[in-house]
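> Here's a structure for you.
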């Protein structure tokens, strides 16, 4: 009976409890159903709730506001009771996942938590022992039921990378106990990945070296193939890592490695293996500062040859031709690129060059430059000093010998004489100065019964040198009668007579020496020329006919000694000039094969003519070369046309070793070449406009000259604006026949050897097989017309020399200048026909140009016809030595200063076979003026008349002015050469040799 009420109470409490739990479950159901799959152990009608989270921020049921009923209704359990709870563990995972790179992957871990557990934490993801915080996306889902709650943690990676490889686990804390899931291994497979690639190295020629390549998977294994210059080195692969041993190389090569696995292959970067060579010569050698005994040399190191420069050597030698030629060598470190050369003589000229060394060897020396030391104080005192007392004049006579010129260290100004007089208790110090020509002096006696100490020093503009060793002289008591200032000394002074007699004897001796030297010189000449004169002829002092006969005989003997044929000797009678009639002056310019010198040629009437003399540099000439040289001179002597340069003569000079050296004598033209004239019209600070009528006149002049040469079967082969000269009346004449040849058989000439040629002026058929015809000169004339129309621009801007043949072969030609008439461009374009037979002759070209010139109106007035302010040749001496013009590229040939007819190879041309591309070369433009050219500018052209209706062509040079004054290269993405119409880009067209 007692238990019945108790059981009834328990049943009532149980009913109340179940009702409260159901009501709580009704509150925590989510509003939206779960769309994903349900755990297999849960009823299908359960509605879970889930919480997305990142960085391990897991939400427990209590945190989401949807706690399980057991968590709110179950009373607190004691520690002893918690130990009796059933164990909690994660369900088994998928274990291992293998997939390829860039794929997506999802995996999860799940756990059931009974209601009896009150304290639970969220699930966190761990990879390789480190908790994942914020780097990946995960979602935690909760599925509550009557017995507890099921928790599923989803983890996803959208595009897996190799870095996602690893072991993933879930962790959770339940009642302060950590629960860990089984690991999920994720393996990402893909192409091999390089952990070490080959590296570029610089090696010595034929020396072994190693290259290393290492790559990893997964999948493994990874096999390595080596590639050299796009060809496999090993037929059988090697397992990674692989080391390739190369026995040695003789030239540069590119190596790479291929890594293969089941997914494919990966190719490493290509590395270049460079062969160490000797360095290039230093460039830009300059003298930064000079003193009396030192010079400061600077230079820019050349290419190091893939090996660091170790040290440099500065070589210095005296520039004086009379010096012994000894070279002083100064070694210094490679950096800094400066060195002060000391222990030099003052006021002296030196030649300086620099060479540098790496581990392979020494570079070639840089071009020699000239350095001069300044004037300094003398290094020595006068020599042989003697002092004696002249009692008759009461003076001290002091004599000395001048120090050696090389020890004077400057221009001698005079001497300073210091004389100190000392007597008992008295001392007086005086000094005198003597002019530079003196070697003796008189000093009045200042004291008697005293001692005079004399010292002498040399004076130059650089200062006063050291005094000589002192010379003492005793002055005795004075016992003679003092004369008044107006008195004369007593007679009997024989020393003055001795001086006069000595001077007379000296003059007689000098005259005798001069006479003997002239006699010896005459005898040497007679011996040299084979005794051309009889004894009677040699007695004639003034007889022009006899001297002329002597010259002809000397020429005949010289030609006979050279072995020249008799027929050629007859042709050269009026061409070869006696060497004694030619006086050489300064050097105007130097080329690779010759130099141009200023000279004076004596005429028959006793006057002299200023000429230009072109000499050949070679030290030795074969008989065939001499005959070719003289034969061409004999042919060109007959040229008689106002638009063709005239040959004045040829001279054969015998060196001290008896080697004949030919020289060509040509008219001296101070106004220079046509290219320079046109260039200055465009690049001056205030550009000058040249009327179109004047430009056409230039073209007509050249066409007339070439028509004359063509009619005489002469090929020029180097026709360009730089080889056309301007006479004093501004008439253009064709010059520089250094490449010209006479053609006798047929109408062509084939060049038999590789020579330097002006590539951008050469016809397409000549570039192909080196065959030249008169139509090849027509092609060059078309390019010259384009030069004139563009006021001196370089043809084919942006196109390199080695690209010219392909450029022309594809039909490209020079574009029409912007201010060029259509009719004029049609004429020049006809000169560039691919078929030489389709090109017009020079006669047709001359007629077309004259007709076009006549159709144009006259220039507006004579004042509008100007001469360009070009510097005179005389004022340009030393121009090539200026450092600011070291990179000058204006296609100016030093030989084009004069009209050259030499048979030697022309300078200022480029080999067609050369394929070097100087991408960093810059082009500089000369600016400057000269008063003499300004005077010429006031004189109109002789052939152009002014008219009231004349129209001055529009000046369009603003586009071709300063914006084109520097060289530009063609980087990737630049316009094609066809679009670069007016770029003044030399691109290595010619080699300027000065």
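Heads up, the Cβ atoms here are built off N, Cα and C, so glycines get one too.
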> Pick from 437, 620: which does Swiss-Prot describe as N-linked glycosylation site?
437
> Test of record reading: of 390, 881, which one does Swiss-Prot tag as N-linked glycosylation site?
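Among 390, 881, the residue Swiss-Prot annotates as N-linked glycosylation site is 390.
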> Labelled region 'Disordered' by Swiss-Prot, one stretch among 24-77, 78-131. Can you tell me which?
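Based on what Swiss-Prot states, region 'Disordered' spans 24-77.
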> Which one of 498-518, 519-539, 540-560 shows up in Swiss-Prot as transmembrane segment?
498-518
> Over the span of the domain 'Ig-like C2-type 1' (86-181), count residues by DSSP class, listing helix, strand and coil in order.
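Split into helix, strand and coil, the domain 'Ig-like C2-type 1' (86-181) gives 3 helix, 54 strand, 39 coil.
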> Per DSSP, what is the residue tally for the domain 'Fibronectin type-III 1' (281-376) in helix, strand and coil?
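The composition, in the requested order, is 0 helix, 47 strand, 49 coil.
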> Taking the Cβ of residue 718 (active site, proton acceptor) as centre, how many other Cβ atoms lie within 10 Å?
25
> Looking only at the domain 'Fibronectin type-III 2' (381-478), how are its residues distributed among DSSP helix, strand and coil?
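Computed counts for the domain 'Fibronectin type-III 2' (381-478) are 4 helix, 60 strand, 34 coil.
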